[in-house]
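Chemist: Structure provided below as structure tokens; questions to follow.
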Amino acid sequence: MDARHDQGDDATTQRFQQKRERILDAAAQLINRHGVKGMTFVDVAELVGLNTTSVTYYFKRKELLAAAVLDRSIDRLEELIRDAGAQPTPRARVARYVQVHFELHARIQLNRERPYTVLSDIRALGEPFRTDLTARYVGALRKVREFFAPPLTARDKILRTIRAHVLVQNMFWLPGWLALYSVDDYPRLSRRMIEIFEHGIAPADAAWTPQLLPVKTPSRTAEAEGMPENFARAATCLINEKGYRGASVEQIASELNVTKGSFYHHLEAKDELVLECFRRSHERIELVQRAAIEANGSQRDRLASAIATLLDVQLCSDFPLLRTTALQVLPSEWRTDMLERSTRLARRFAGMMIDGISEGSVRALDPLIASQVVMGTLNAAYDLRGWISTLPDPTAISLYGSTVAHGLLADPVDFAVD
């Protein structure tokens, strides 16, 4: 009797876990599409063929479900880090880390693996979930930092942190452009990306001498003097720092010492403000690219100046670019439009690289992949501005830019930023 009872309990537990995993899978898909804000019990229940009451049996509140999804993704991230960390050298660890991510995305595309949830939405959670999950993520980042040679100086430690951040964030950037390729292409893409992380885009021993470019005011800013521009600035900083949920209309208005009604006088909804922030960010990148193309020097010099100027915006200015994590809150048609515009900006960088390869100033590489590495690296730079705030601006730009110029493994030569 006891044995049969135990078997019954085991079967019940197994069914419970299986159904729980199905709920987590459905929630992961919805968070990836719409963010934590857009994930609802109703949609989760519909995906798994249950009613809403059944979902609440497993997770009493939506935030508990979202936290469980993100916690499971950190579990998976830690597995990938352990796999790569078992390799014997920094070069092998970086290569393996890239490889296991491409393998994971291939299995997901072939429906052989559960969906992987974007971890950026951790900041959309309330307490204590946000603090607990952030601590786990920071711990994982420290493990990636150990991929590289032990630091000998404080500067070395900062550089290791930057390299770990660039590596991790570029893997999070993959879903934004992998859809342009067949799964059969993933092994080649992985190899080409590893080459970029190993060597950078500059030829060996080539000078990397950026100049900060004058950035013109976007046309839409010139046309919309005053409040809309101020709202975009305040909203961008708050959304980057606290996520969409944390950046309330009240907080944005408070930053500007205006009423909530002033916000709705200029913009009909918060989503419209996010869209406007993206438009301004994309236009600013485009203006920097144009200024670089018109500048003197080789294509490598122009790329160096464009990257350094945008890093200055991200690391040092009071009006950074909006992080792409905010895309999840936009309606699908707006999100598609913004992704397409981001792809066009990446392709302009790719075009500059192709011209540089032709003239011999840029290393022979896959420019389409390298351009996405540049975009992913620039997008994520804002996250470290507080951590490296003790450095002089030129040093911060130099160390961060070295990951693109020379890769993640070389001893970067300091380059002056004029």
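Backbone N, Cα and C atoms are what each Cβ position is placed from, and that goes for glycine too.
All annotation found in TrEMBL is predicted automatically rather than curated by experts.
Fair warning: this is a prediction, and the values are worked out from it, not measured in the lab.
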Chemist: So which range, 40-59, 300-319, 380-399, gets flagged DNA-binding region in TrEMBL?
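Modeler: When 40-59, 300-319, 380-399 are checked in TrEMBL, DNA-binding region belongs to 40-59.
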Chemist: Identify the DNA-binding region range according to TrEMBL, selecting from 108-127, 248-267, 268-287.
Modeler: 248-267
Chemist: Taking DSSP states H, G and I as helix and E and B as strand, how many residues of the domain 'HTH tetR-type' (17-77) are helix, strand and coil?
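Modeler: When I sort the residues of the domain 'HTH tetR-type' (17-77) into the three classes, I find 53 helix, 0 strand, 8 coil.
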